[in-house]
Amino acid sequence: MALWRGLRAVLAVAGLAVAVQLLRGWLGSKSYVFNREEIARLAKEHSGLDYEVAFSKIITELRKKHPGRILPDEDLQWVFVNAGGWMGSMCLLHASLTEYVLLFGTAVDTSGHSGRYWAEISDTILSGTFRQWKEGSTKSEIFYPGDTIVHEVGEATSVQWSAGTWMVEYGRGFIPSTLGFALADTIFSTQDFLTLFYTVKVYGKALLLETSTHLSELGFF
């Protein structure tokens, strides 16, 4: 019996290792809709403007360049995010299993843990300040409007945003792997299940839009 349990454990670990390698290969070889430089450049062009004006212009530009990829106005919603001890708000524009684009920020001073992801995440600041303290360092660095901060795969940092900080965020990697961190505080701390519902709903809508657009491009519709 003990031998059988041990064999099952070995097979499970081996299966997981194979799945991880296959996923890494897929992420490394697939084509993507967006890229970090494009999003950073677009956000930087509008940094320094009133952030609501900047948001509107950025959404318009993204819809022109990527038709069918950005959620329609009726599905755009600002949703609270509690994670790693900090509190912010996001407005999801695009999401798939491997990419997302969103607007993010906070109306109050807030700080906490960045999370550690199987995804690369970049933020370009439109207004306010972003202070980052990297793991293994004894000093923090502060970023200003127009700056882009890149959070590498597997990296962990301390983050701090001043009130009125707003930015454009792009993530690339295995996006479902980020949801545990993004939703843990909501489930186990704030127990704000309405926010949880909003988050899952908008991500689901984004996945449906991306699937529909992809199938349309392949000629299914």
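Glycine is no exception: its Cβ is also placed from the backbone N, Cα and C atoms.
Marked as topological domain 'Lumenal' by Swiss-Prot: 1-4.
The transmembrane segment annotation in Swiss-Prot covers 5-27 and is backed by similarity to another entry.
Annotated topological domain 'Cytoplasmic' per Swiss-Prot: 28-221, in sequence order, evidence recorded as similarity to another entry.
Positions annotated as site 'Important for ligand binding' by Swiss-Prot, on the basis of similarity to another entry: D123 (among others). Neighbour list (D123 (site 'Important for ligand binding'), Cβ cut-off 8 Å, at least 6 residues apart, same chain): F104, F130, T148, I149, H151, M167, V168, E169. DSSP assigns D123 (site 'Important for ligand binding') to a strand.
Taken residue by residue with DSSP, E169 (site 'Important for ligand binding') is part of a strand. Here Swiss-Prot flags E169 (among others) as site 'Important for ligand binding'.
According to Swiss-Prot, the region 'C-terminal hydrophobic region' annotation covers 174-221, on the basis of a curator's inference.
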